[in-house]
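What TrEMBL records for 1-38, 469-492, 785-815 is region 'Disordered'. Annotated compositional bias 'Basic and acidic residues' per TrEMBL: 1-12, in sequence order. The transmembrane segment feature in TrEMBL is assigned to 53-75, 119-139, 151-171, 177-195, 245-265, 272-292, 304-322, 334-355, 393-415, 422-440. The domain 'Oligosaccharyl transferase STT3 N-terminal' annotation in TrEMBL covers 54-453. Per TrEMBL, the feature domain 'STT3/PglB/AglB core' maps to 583-639. The annotation compositional bias 'Low complexity' is assigned in TrEMBL to 789-799, 806-815.
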Amino acid sequence: MAEHHAASDGRHKASTNAGGSVHGNSRPGAAGGGGGKGGLSGGLTQPAGWQSLLSFSILFLACLAGFSSRLFAVIRFESIIHEFDPWFNYRSTHHLTTNGFYEFLNWFDERAWYPLGRIVGGTVYPGLMVTAGLIHYVLNLLHITVHIRDVCVFLAPVFSGLTAISTFLLTRELWNQGAGLLAACFIAIVPGYISRSVAGSFDNEGIAIFALQFTYYLWVKSVKTGSVFWTIGCCLSYFYMVSAWGGYVFIINLIPLHVFVLLLMQRYSRRVYIAYSTFYIVGLVLSMQIPFVGFQPIRTSEHMAAAGVFALLQAYAFLQYLKDRLTRQEFQTLFFLGVSLAAGVVFLTVIYLTYTGYIAPWSGRFYSLWDTGYAKIHIPIIASVSEHQPTTWVSFFFDLHILVCTFPAGLWFCIKNINDERVFVALYAISAVYFAGVMVRLMLTLTPVVCMLSAVAFSSVFEHYMGDDTKREKPPAEDSSDEDDKRNSGNLYDKAGKVRKHVSEQEKAEEGLGPNIKSIVTMLMLMLLMMFAVHCTWVTSNAYSSPSVVLASYNHDGTRNILDDFREAYYWLRQNTDEHARVMSWWDYGYQIAGMANRTTLVDNNTWNNSHIALVGKAMSSNESAAYKIMRSLDVDYVLIIFGGVIGYSGDDINKFLWMVRIAEGEHPKDIRESDYFTPQGEFRVDKAGSPTLLNCLMYKMSYYRFGEMQVGAEMRGILLARCFHPCCRCGPANSSAEMGESMQPPSAVRQPKLYAAHRDVPVERDGETEAHWTSGHHLASIAHATLRSATRTSSSSTWRRRSPRSTGWSGSTR
């Protein structure tokens, strides 16, 4: 067996040398093969110390560029958490730092999913919260007073620099140091990664891409060296990845696929055996320590490929052991019987465990990766998320720019000069391209490998056209025959003039045209890189640096208006509603209501209970009578909707309404049918020609209530309606008619409840304020302002002007 291992190791080394990349030559100062001087530094003649300093400087500048390019949002607005999920992560991190890790793991959040609640510690990946909390603890230990919010805001930009370093290390192992530096520069500014790592985007992907790349780097080191040390490091990095993001499933399937393909290519070696056997056992035990993961690695279909490859690898190693001790005939017989028996046992075992329910089938999100139409038909809530939609060709160019064209060239270079680690990056590239095409969110997993392979392509081009020609010239053959010498001598003497003229013409061609071609190609490559840098800066500044909770609009004269209606809506709820008030809204706003308004919600962005979300969707898409019964059964105090009809905001609830109908129809097909909300011509219209079912549903009436009375003028520009209705069944004596407008009587079985009532004598103000009452509930604590004021801030002023919810005058506050 030892002889076989030695032979297989020898084959690996031979194929590696044939591929033109010796492992030892991928360091600065290594001899031959363009080792440390590959790519950008191929023609440099500085000592190794200067090259190391230059490499360190380039890597440092790449990290600095990656950090600074993600700060546009902080500079233009302020230090604020973006989007939806980051608000839950921030709220959880604040709870962790305030109450400790043990209390965080046992935290039951009663403000979420009323009346069910949520056990937070067992339903989240805690890596992000623990990382931010640990950094906050260390900073305070060093007497650097920093608020936990600022740590959360700047965590992703800091980790972008670590991602650049890990990408440099991985690319250097796969190709050379020059390619690694280029890859670090690419991933530092590429929009496909910046979209998930800007300042304020406190989400799992901000740290997960670093863990992903670093795990792959340590795996490649493990395969190349066969060292248990590197494998244990890979397991620890994998453990951090599991704690940070559910995308760890990509790792636990890609690494087994790499080992399986190596076995098919007959590239088995002791190094591969040691690396994968150690990784699977230690990584399996570590991953099960995360409460949210638990026993999933041994009980779900997503992890079965890793277990199958582990068993296959053990069987292959055992067969190799027997092969050295049995005759050929005996080995063939034993091999046939053993493989047949093992395959039958494994097949029957998997069927039995799946049938009994011990091995869970593919989850909806993973199954939708293989059947792209599955989610829309069976689980519409998955298809309703925008980041789960298929990726368009425009998105590839928008997020990757020129890298999408150079990436195949780098893949071709790796396949042409194949070895064990380049098999891995080829599989990584092919699988990532497929998954990125199926789901736009998975563009994030494609971006790192595109940067790596594009760096390989650019490095190879620069090495060829900017390298030292003398190092590429082949020495004259010393074993030429006498006949060749005589033939050459005869040519020189018999046709000396012609031969010398031919040589002279070649020298002129090399001197005249060669340098020009090199200059043209080099300038073309540099222009492409400059265009890539400009594109990345523009996309980052204009597309990925606008927090969704703060909008901005521009006037004709170029001045900017800040639309802070979202935060003002949540602030109004926080200041004017009861502490235990229950707010019903669509699930998109659940995390923000809990984080900024600190109020109880019925559904949120966790989307773990499809039936509960469908019930909310049914209430939104039903008429007033049916909606009243549903919301009374859920103890709803307030209903919050977002309406952008005044300014043409396309992300409002009317735009999402059909998804509410589809999700509700999946659970309540007898009461809700999507076809009822379309006209007989098959159109979805919101005007008077719309479907009667649509015009009488709760969502439509809340959105367009007294909409025709609003006078849209210059002062109304940039106003987003966030209408919030309070249930009022009986007006108590403490609430005068002057405060409430019109006193409404409780609904009865005879008279249908009229959900909206406002005093007709009260005009709709020009700033969009509408006072409306929802006439179902117990007690009207305060008038719910249906429209939030726009907070307008000019580019040259630091004073925000807004209308206070409790006053009638204008007040200014400086931020």
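Here, residue 1 is simply the first one shown, and the rest follow in order.
Backbone N, Cα and C define each Cβ position, glycine as well.
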Helix, strand, coil: count each for the residues of the domain 'STT3/PglB/AglB core' (583-639), based on DSSP.
33 helix, 6 strand, 18 coil
With pairs 6 or more apart in sequence, are the transmembrane segment (272-292) and the transmembrane segment (151-171) linked by at least 3 Cβ pairs under 8 Å?
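Answer no, regions not in contact.
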Does the transmembrane segment (53-75) come near the transmembrane segment (177-195), with 3+ Cβ pairs under 8 Å (pairs 6 or more apart)?
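Judged by the Cβ rule, the two regions touch, with the required three close pairs present.
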Based on Cβ pairs under 8 Å, which of the stretches 245-265, 393-415, 422-440 lies most in contact with the transmembrane segment (177-195)?
393-415
For the transmembrane segment (393-415), find every same-chain residue at least 6 residues outside the stretch whose CB is under 8 Å from a CB in it, and list them.
174-175, 186, 190-192, 195, 422, 425-426, 429, 436, 440, 443, 446-447, 449-458, 460, 528, 531-532, 535-536, 539, 543
Give, as a single whole number between 0 and 100, the mean pLDDT over the domain 'Oligosaccharyl transferase STT3 N-terminal' (54-453).
91
